[in-house]
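Student: Please find one structure pasted underneath; my questions will follow.
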Amino acid sequence: MILDAQHPLSSGLTADSRLIQAYQGTRPAVTPVWFMRQAGRSLPEYRELRVGTRMLDVCLDPALASEISLQPVRRHNVDAGIFFSDIVVPLKLVGVDVSIVAGKGPVLGKAVRTRADVDELTALDPALLDTALAPISAAVSLAVSQLGSTPLIGFAGAPFTLAAYLVEGGPSKDHIHARALMHVEPDAWAKLMAWTAEVTGRFLRAQVLAGASAAQLFDSWAGALSLADYAASVAPASAAAIAHVRDLTYTVPGAADGAEPAESVETWRNVPIVHFGVGTGELLKEMHNIGADVVGVDYRVPLDEANRRLGGAVPVQGNVDPALLAAPWPVLEAHVRDVLERGRTAPSHVLNLGHGVPPDTDPDVLTRLVNLVHDVSAAE
Ligand code: CP3
């Protein structure tokens, strides 16, 4: 499907931005930078807005969700906004009893542990999201209308990470119940994954249609899986989730100059898709193969090694260790320069953290880091 003419990729507003260039595999003159979890608790203006509110209520309030998405863009001069929401929002909107407990994360009213539980959950009709996602679309449009030429990244949780919360009933260290269900009840597992893929895929598509210029799938807990289990029992569902945005295209002016008269002067592009996981160094190739354009790398695998594992042809995103945000500036600076240097081995590189911004991070360090990345990469 072609994005409508007002979409910032189609209108050209964001299509030439550093972020979209890098995601499309072209190295821009200056390396783009944004931070996972840049919108949130590290910002005093966020904490102020959040007083007396519940996380999921805020996610469903278009004015608040939009404002919080913009806060880090205004403050840090990052090259992208990420939409403020949460991976469990589409579960809530389809009727799952889920809440977000401060300091803990998503907690389910009831864990999905048996075949009967899966049947009960999957009886909730994903088509309900056609109307239930209206506040999300409204929040994205509002944010995009204020971001101008800065792209907004839409996101969703990958089916495994969502299933991990659903089956465990909340946060878990080893995701043992989810991994057990995969083998004890393979049919129920497949049904759960297919349902989750549809729910999260619709959430992602709604954000892109409303104006997001890129889409990121978070498989935060896929690092708990072996490569064999990932490939057989998880990757197909992640591919199905991504398929919800894979068909979305736009055109950019082509190489009109050297073109023969008969040649089209427009080039077709798909909305870039980023796939990120934590502890997924062994899965990088598979994570690319499900239909991603860009692979997000956590802080454990250096980018030159990640690029080697990916065959040298895939744009990478990452991977400053969030722990170093608390280190003395010269230590952090040396680390960031090293990340930039290793990132130069890949076709293109978007600098990010290897996981989210820790809540106690000094926001001034993030602003200084953005300037460093822009200055160092421009000088190369
Ligand atoms: O700036 C951004 O990155 C956009 C906002 C965003 C949130 N959650 C807001 C949030 C994004 C992209 C997410 C994704 C998300 N949510 C993931 C994948 C990314 C990752 O970090 O691995 C996961 C696993 C979740 C589930 C979840 N929701 C967790 C683990 C938590 C944190 C629990 C805590 O309090 O430490 C949440 C809650 C949450 N989501 C908060 C925010 C800002 C904190 C709630 C608050 O501010 O009160």
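Here, residue 1 is simply the first one shown, and the rest follow in order.
Cβ coordinates are placed from backbone N, Cα and C, and glycine is handled just like the others.
Relevant sequence annotations retrieved from TrEMBL are reproduced here:
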DOMAIN    32-41  domain 'Uroporphyrinogen decarboxylase (URO-D)'
BINDING   ARG37, GLN38, ALA39, GLY40, ARG41, ASP86, TYR165, SER220, HIS355  substrate binding site
SITE      ASP86  site 'Transition state stabilizer'
DOMAIN    153-169  domain 'Uroporphyrinogen decarboxylase (URO-D)'
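So where do these features actually land, and what's packed around them?
Tutor: Averaged across the domain 'Uroporphyrinogen decarboxylase (URO-D)' (32-41), the predicted model reaches a pLDDT of 97.
The Cβ of ARG37 (substrate binding site) lies under 8 Å from the Cβ of LEU353, GLY356, VAL357, each of which sits 6+ residues away along the same chain.
Listed in sequence order, MET55, LEU56, CYS59, ILE100, PRO106 are the same-chain residues at least 6 apart in sequence whose CB falls under 8 Å from the CB of ASP86 (site 'Transition state stabilizer'). According to DSSP, ASP86 (site 'Transition state stabilizer') sits in a coil region rather than a helix or strand.
Secondary structure of the domain 'Uroporphyrinogen decarboxylase (URO-D)' (153-169) per DSSP (helix as H, G, I; strand as E, B; remaining residues coil): 10 helix, 5 strand, 2 coil.
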Student: Just counting, how many other CB atoms are there within 10 A of the CB of ARG41 (substrate binding site)?
Tutor: 17
Student: If you run through the domain 'Uroporphyrinogen decarboxylase (URO-D)' (32-41) with DSSP, how many residues end up as helix, strand and coil?
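Tutor: Counts, helix then strand then coil: 0 helix, 1 strand, 9 coil.
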Student: Considering only the binding-site residues ARG37, ALA39, ARG41, TYR165, which possess a Cβ situated under 6 angstroms from at least one atom of ligand 1?
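Tutor: ARG37, ALA39, ARG41, by Cβ distance under 6 Å.
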Student: Using the residues the record lists for substrate (ARG37, GLN38, ALA39, GLY40, ARG41, ASP86, TYR165, SER220, HIS355), what whole-number Å value is the largest Cα to Cα distance?
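Tutor: Binding-site diameter by Cα atoms for substrate: 23 Å.
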Student: Rank the binding-site residues ALA39, TYR165, HIS355 by the number of other Cβ atoms within 10 Å of each Cβ and report the first-ranked residue.
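Tutor: Per the Cβ count within 10 Å, the most buried is TYR165.
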